[in-house]
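This is the structure I have questions about; it appears just below.
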Amino acid sequence: MTWRAAASTCAALLILLWALTTEGDLKVEMMAGGTQITPLNDNVTIFCNIFYSQPLNITSMGITWFWKSLTFDKEVKVFEFFGDHQEAFRPGAIVSPWRLKSGDASLRLPGIQLEEAGEYRCEVVVTPLKAQGTVQLEVVASPASRLLLDQVGMKENEDKYMCESSGFYPEAINITWEKQTQKFPHPIEISEDVITGPTIKNMDGTFNVTSCLKLNSSQEDPGTVYQCVVRHASLHTPLRSNFTLTAARHSLSETEKTDNFSIHWWPISFIGVGLVLLIVLIPWKKICNKSSSAYTPLKCILKHWNSFDTQTLKKEHLIFFCTRAWPSYQLQDGEAWPPEGSVNINTIQQLDVFCRQEGKWSEVPYVQAFFALRDNPDLCQCCRIDPALLTVTSGKSIDDNSTKSEKQTPREHSDAVPDAPILPVSPIWEPPPATTSTTPVLSSQPPTLLLPLQ
């Protein structure tokens, strides 16, 4: 009896030891480092590997995937698999049964979106054991970059180059300008005359930003290579867009300026006297009322900001769009956006169409503000906006047979972009007909699109 009791006790201990050993053999491993990064709209596979001391029988095990967003501290079930039952709570979510047999419980999610970033938890049950692991998923979007040359309103020998980066996420981005000369072939960062605007959020959650570089070509060496360098979390290497400065535009010497002045000073003097007499003949009261009360469309909107539906808009964004971004856009029907704003219905409509076609959805609400101003005659009268501007439907004359400027779509940049020439672009607007408006006349020089060579 004693021998049999001892044998039974030994067998029980062996069974208990085997059970304890088995429970410790189930383990789940996720992505190394605890963070997985994936591009926007990609078909992502979130890794989850099962390690078990025994061969896996998928008919007697279960897999459940959970997701917790970055903004809400609540888990949501994404996918579950138990025996012959599987259900996807997120469209397209799947765990391959065939791979599960070899211990691969990875979750596949097609077309991942920005809002799906967060913590994912893989829970594995092999009765009576359970193991789990978590991973942080980050969704990023790479910026698309292009260069524009904007000469509107610039002085002689001055150029403004705009580097637009769009469609990136997360918001943090770094844009710098560099130059390389024949004397100094290594890139030198430029810190002066560089203005980078605010980041603008698009409707899809991505961001846009524009950085401007102002150059005085007469003070720079021809052949100097300039680069707009974009650094972002989604890029393995910086995104570079290049252009080469050509020969500086002709600048008169002091002798030439003196000679030209001596030749033409008599006509200029007569013109000056005529202007003075004209000003004297105009009633002083009319000049006073006109100059003291008239507002440009942009200033009118800013002054009466609360009269518009601007709860989600910002004044500094409107100023940046109206004075810097919109004047560089190539609009159809020969229209160009003036930096002081416009109540010309055709100009506003063409700007609205351009922003929608180019996917600049964050700018559309700001365009609507000028529609609202035009549709408010009392406010236009209060700001003393010229009524003639409200009746103008196009900036072109009836006899203008010039062809419409074709919209140019920039080619997509690679990480390293070679030198890009400045391509000529046909004029995108003509001076408006003469009116009594006090609106300043803009330069007819259009912005030039810089396309990097592939």
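Along the chain as shown, the residues are counted starting at 1.
Each Cβ is built from the backbone N, Cα and C atoms, and glycine gets one as well.
Okay, these came from Swiss-Prot:
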| type | residues | note |
| --- | --- | --- |
| DOMAIN | 27-138 | domain 'Ig-like V-type' |
| DISULFID | Cys48-Cys122 | disulfide bond |
| REGION | 59-62 | region 'Interaction with NCR3' |
| REGION | 127-130 | region 'Interaction with NCR3' |
| DISULFID | Cys163-Cys228 | disulfide bond |
| TRANSMEM | 263-283 | transmembrane segment |
| TOPO_DOM | 284-454 | topological domain 'Cytoplasmic' |
| REGION | 291-429 | region 'Retroviral-Gag-like' |
| REGION | 395-454 | region 'Disordered' |
| COMPBIAS | 397-416 | compositional bias 'Basic and acidic residues' |
| COMPBIAS | 435-454 | compositional bias 'Low complexity' |
Taking only the Cα atoms, work out how far Cys163 (disulfide bond) lies from Cys48 (disulfide bond), in Å, as a whole number.
42
Could you measure between Cys228 (disulfide bond) and Cys48 (disulfide bond) for me? Cα positions, answer in whole angstrom.
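Cys228 (disulfide bond) to Cys48 (disulfide bond), Cα-Cα distance: 41 Å.
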Using a Cβ cut-off under 8 Å and a sequence separation of 6 or more, which residues in the same chain sit near Cys122 (disulfide bond)?
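Result: Val28, Met30, Ile46, Cys48, Ile63, Thr64, Trp65, Ala105, Leu107, Gln132, Gly133, Thr134, Val135.
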